[in-house]
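J.: Here you go, one structure.
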């Protein structure tokens, strides 16, 4: 009978659930990697849960979502050796598995500006795929940062790879190697500079093929940035970094946080206390609390032990767990913070509540990508990606697709 | 009948919950001999459920071998409607305890044949040997479950049309909109309740004072002081003192959980007795 074949149900008891912005003393039922309605299960199925897990009063939050991961544990998502696809995929899986220990259950591998051939080769490897205990965190598709960005705000991107798009969207599609009509590709997010030739008029086309558009690595004025948002851009990439600093008469991209004319976009923010001063973070948060999205922007040195490492051709030194710098120049070589630490910092710097801090790494990125029906909340029907946290927001354990890690 | 008077709602809840706990523990239920508990919804039992959950979390009480039957449910209200009694029981009690889903019985107000549903409910109660302890609350007019005053004392589980007063009273749970309140409900009968080996009724608040004053007999009633406002002063003092007498003269260890006296030992003068009479007791020989 059907009853005998009911898939196993896991009941998690004694949890403090974050649901609808409130922390509840509650229980959670999981089945088939999904959060199910406990009331329906209890009164309808008539069977006891197969497994009962005692959360012992832990905070239970949706799994964290990181929309900007350049690499980690010594591996760079933008590098793929000739014929090295197999190795690339294996390494990606390794990162995906290791991200789970930070509570990160979904992420977007992020490519920095690269030559067209690199996109053609790597992008097909980054198609969205479900997470599991074996495969690690879910891949939500790729985040392509560049190459249609500003020379003046290129950051660590290689100048020779930067592009403009005089023929509009067809140039962009050609560089990425994607079709101009369908959404049969892995890209879910791009970072572009709207002032680069041809980009502004391509924003609508990008959204048409299922790509969320973000403004970043850009010298755009407030007016240009507002226009880009009107065209469909919905995010600012790592706010404050790689853009014009705030000036009261010309606030640049940061000025979007103060606009009243149009809906304000979300903004990614690197919360390691180094890339953005805590006070700046608080200003941004107070201006637009519901737009904050925590990103790690992690580089390959993330997850490596402190000390000297070679990344690509560059020798870097990692100091503690937060700072990594190029040995030759002493310059910052990117962020190495983990997402759980970002949330702790965010709460501390912004003075927000636990719920608000967690939402900046769960609900907000899910809303940005339009996947809030299955990610970023603990609502019935969502994927069973969970993080157990103590009151200081340290990760105790993590569930991916209903499996405890 | 026993009337237990406590200071306020919290103390009433605490007494009732600990009474239920002790009854279950004393019963020593097993899968073959489960403890059968009748349960109400509404504002009266919330505190009791909360306490029971606390006991369960401390590991003092398990519901593995407890079978429950709920008193009532609206007809035609979706089961997962926030005001359904399924939702109430789930949100206040069942979700937090280890009761087996198949042991928690709530009337199905959406059954295709409501009469058959009521009959089956009675049969299920009979099949497990009747209800050991029926916990209840009563309304300001003395109603128990959806049995309005005047319901037959021999009534069984059945479909009831709600009195207009009840519909108005319950509209506060339905956005104050009378048209949203279900017009019918399934409810156990007064007879179903009285068949239980024991009935325990929670009464709290001044608005329940009249109901308590006219309350039915044959029950254990736990109420707070406000609810005793309509009782004669003498009655209140009688019931308050009887507990004191039992505790202090007979000794709690000699009183059965359900009020029976196991053994009466001749009281010996003691400082406790002093307090009872309110006069200092002089001990002829002072011991150092």
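Glycine too: its Cβ is placed from the backbone N, Cα and C atoms.
Just so you know, TrEMBL annotations never went through curation; they're auto-generated.
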J.: Where TrEMBL shows A:217, A:238 binding Zn(2+), which of A:138, A:145, A:322, A:325 is named for the same site?
T.: A:145
J.: For residue A:249 (substrate binding site), what residues in its own chain, 6 or more apart in sequence, show a Cβ-Cβ distance under 8 Å?
T.: none
J.: Quick one: what's DSSP say for residue A:145 (Zn(2+) binding site), helix, strand or coil?
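T.: For residue A:145 (Zn(2+) binding site) - judged by DSSP and reduced to three states - the answer is strand.
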J.: Out of A:145, A:217, A:238, give those binding-site residues positioned within 10 angstroms of residue A:275 (substrate binding site), comparing C-alpha atoms, in sequence order.
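T.: For residue A:275 (substrate binding site), the binding-site residues whose Cα atoms are within 10 Å come to A:238.
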J.: With a radius of 8 angstroms around the mean position of the C-beta atoms of A:145, A:217, A:238, what other residues of the same chain does the Zn(2+) site pick up?
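T.: These residues sit around the Zn(2+) site: A:68, A:146, A:149, A:155, A:191, A:214, A:216, A:237, A:241, A:242, A:297.
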J.: So which one is it: of the binding-site residues A:217, A:238, which has the fewest other Cβ atoms within 10 Å?
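T.: Result for the binding-site residues A:217, A:238: minimum number of other Cβ atoms within 10 Å at A:238.
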J.: Please list residues from the chain of residue A:241 (substrate binding site) whose Cβ is under 8 angstroms from its Cβ, counting only those at least six apart in sequence.
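T.: Long-range Cβ contacts: A:155, A:270, A:275, A:276.
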